[in-house]
Amino acid sequence: MKIYGIYMDRPLSQEETDRLMSFVSAEKREKCRRFYHKEDAHRTLLGDVLVRSVISEQYQLNKADIRFSAQEYGKPCIPDLPNAHFNISHSGHWVIGAFDSDPIGVDIEKMKPISLGIAERFFSKNEYSDLLSKHKDEQNDYFYHLWSMKESFIKQEGKGLSLPLDSFSVRLHEDGRVSVELPEHHTPCFIKTYEVDPGYKMAVCAARPDFPEDITMISYEALL
């Protein structure tokens, strides 16, 4: 299992953008051009090329030759490499990629003030109760802690919106353990959180608990 992070400390230059665009599909190039905000295009582009870079090094392929598809519920995959599982998440200044030989999910969220009504709407009753039990000053932080863990689980499952957020509970125990409560869910899954930035929450969900201790940082230059 490998987890990589790109910190976008500056916008991509036009030269860097053109170089990265040369690796991706025509459909992805068009998608990037349609974004209103350049930052959204840059995050999407960096995520795509991050996957290509990691997979190309692992399997000795050219980055531009890798072809992506989507599973039944829309999770990206590489049909020619069924054991090359990956997942991408981006928010704010961060692009994160997680890679493993089994299904994996990752989520990073830039924190901002939230309404408890959002938690009541999307969280399970147990999660909402856990949130309300926190001191008011801790609730925003705990909300994003839960949200990132729940999203990482949904992305690891690969079922998208067919698995509602309130259909399962993620519980963070006092000893640091994380458990997922979902009726009739028998597939092993493990969740680890990472503190990559004070203003963000990040979580990875995998089929095995052998998570790396830290993420590996990747520069723009390493992708070119």
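Cβ coordinates are placed from backbone N, Cα and C, and glycine is handled just like the others.
Listed in Swiss-Prot for this protein:
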- D107, E109, E151: Mg(2+) binding site (BINDING)
- 158-189: region 'Peptidyl carrier protein binding' (REGION)
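Non-local contacts of E151 (Mg(2+) binding site) by the CB criterion (under 8 A, 6+ apart in sequence, same chain) comprise S89, G105, D107, E109, A203. Comparing the binding-site residues D107, E109 by how many other C-beta atoms lie within 10 angstroms of each C-beta, the top residue is D107.
Those residues of the chain, other than D107, E109, E151, with a C-beta within 8 angstroms of the mean position of the Mg(2+) site C-beta atoms are S89, S91, V106, I108, Y144, W147, S148, M149, K150, S152, K201, M202, A203.
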